[in-house]
């Protein structure tokens with residue numbers, strides 16, 4: 001056909017050649033309606049997708065949800081959503097912090113990516129949905145199809161428990177499983193990539209036609225001049241301050257660190273976390289290699305690349321956090337009857353892993369294995385995340401951390417945490433550290449600056465609240481601020497004492513309560529202060545206060561939540577069930593937020 005009789009350009013002809021008969025029929029109707037000046041119905045262009053899927057009856061509506069603590073689950077869910085959009089699927093993408101849990105019963109397809117926090121709990125943003133599904137008012141999900149990917153850490157006993165719980169409960173409530181749940185360890189990329197591919201294929205199989213391009217819109221965006229720093233591409237910052245902020249007699253070593261961000265373009269908000277890529281202690285590496293009788297220059301293969309074992313242990317492999325998988329793998333190579341018996345008992349193995357660093361396994365059960373065998377037993381080294389303790393409104397192009405240095409002894413041998421020890425002991429003044437910002441939209445100050453806030457933290461859990469008050473003061477926020485803080489001793493462990501006193505003088509810390517657990521015979525904790533201040537706390541809640549909790553997930557955060565439920569039930573004259581619902585409503589309204597670890 002010549003161009004004189006065909007008004008379509010060659011590019012359009014090529015595009016049309018790819019369409020199947022059903023899509024051509026639909027496109028014909030669309031074009032006819034346009035020619036008649038009528039509403040053509042479905043919009044075939046999508047700024048965020050390369051295609052729109054057309055079915056004989058109605059398009060698939062897929063909702064991709066994520067429950068993320070550090071951002072990994074969010075990233076995987078974004079990848080899945082983009083893949084589905086590229087295949088023409090109608091996708092709604094939401095993090096659970098912005099999702100109304102009660103609408104779950106209206107969904108057609110739900111694809112959930114969730115991490116796990118604490119002792120197997122759902123991440124903060126996933127709690128409302130978790131509680132709804134496991135509560136008395138759980139919906140009937142007979143019309144739902146679902147798939148779940150869990151992200152976790154095999155070094156913890158409740159590996160991917162949140163994903164397992166969601167997956168099980170969906171099915172119990174009548175939903176149909178689109179495909180089997182997948183569980184991914186810290187090095188989750190390969191598992192996540194396969195799960196995404198399997199999900200895409202399963203969703204495509206559910207559609208009436210194969211995914212194909214109907215129309216595409218390519219929107220050009222201006223290139224960003226600033227480098228996009230991330231976990232995979234960290235910024236190399238200078239450590240400009242390393243100051244111990246606990247007293248000499250304290251049982252704890254807590255450091256205040258400041259990093260220079262000048263010229264980096266790196267941005268963060270109060271409530272975010274900072275990722276730190278640390279290196280393992282060279283002395284620890286030498287101890288390990290000596291025990292295994294391995295030369296530091298012996299070559300090993302990691303992801304298809306060759307490097308010496310010392311370099312691999314320095315910056316590529318996890319050498320401090322023990323796991324059941326490591327001990328089991330080492331037992332097979334060591335051929336030690338006592339160790340073999342130990343790994344045959346799940347409880348004994350879990351207790352041993354919890355109490356024994358990797359290097360001390362080598363002390364307990366000496367064996368001669370190759371450098372490659374040892375490297376194959378270890379997980380990739382991962383960055384450590386710390387709550388940021390500064391506001392850029394106050395400190396400019398700096399970022400501050402408050403870090404408790406992990407120091408302990410095992411069988412008389414001194415051990416140190418990988419990142420805290422790296423920062424405290426091995427990075428010199430103006431030394432370089434690879435860092436990145438991990439946004440935490442689940443821990444944000446209220447947009448309405450007149451709202452009061454209640455900050456509850458213990459130990460280094462005070463870090464984000466220093467950032468919060470710096471931010472509130474910089475913005476001249478009118479809302480009242482109440483700090484409830486706990487630590488061991490007033491004299492040695494009152495972190496940032498002078499700064500809190502200054503906030504009081506400046507009129508930005510209106511109420512404060514402190515729990516010093518070891519300053520009297522009977523231990524007092526922050527949850528005790530919550531109960532003691534029950535009436536005032538309830539009054540603040542009635543005034544619209546936002547409640548923030550930062551600290552240990554396994555004990556402190558649970559005890560604080562139980563205390564809050566007691567206060568709500570007593571002061572609000574509510575049943576335990578109604579108190580639970582009240583607190584869950586606060587959570588959904590972003591008035592109860594936790595940063596726990």
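Note: Cβ is positioned from N, Cα and C throughout, glycine not excepted.
For the NADP(+) site, Swiss-Prot lists 517, 518, 523, 524, 525, 526, 527; matching the candidates 493, 506, 552, 559 against that entry yields 559. Packing around residue 68 (FMN binding site) is summarised by its Cβ count: 27 other Cβ atoms lie within 10 angstroms of its Cβ, all protein chains included. Across the fold, the C-alpha of residue 384 (FAD binding site) and the C-alpha of residue 71 (FMN binding site) stand 13 Å from each other. Across the fold, the C-alpha of residue 320 (FAD binding site) and the C-alpha of residue 153 (FMN binding site) stand 14 Å from each other. Highest local Cβ density among the binding-site residues 384, 523 belongs to 384, counted as other Cβ atoms within 10 Å over all protein chains shown. Per-class residue totals from DSSP over the domain 'Flavodoxin-like' (62-200), listed helix then strand then coil: 59 helix, 32 strand, 48 coil. In this structure, residue 420 (FAD binding site) is part of a helix by DSSP. Taking only the Cα positions, the spacing between residue 402 (FAD binding site) and residue 526 (NADP(+) binding site) is 19 angstrom.
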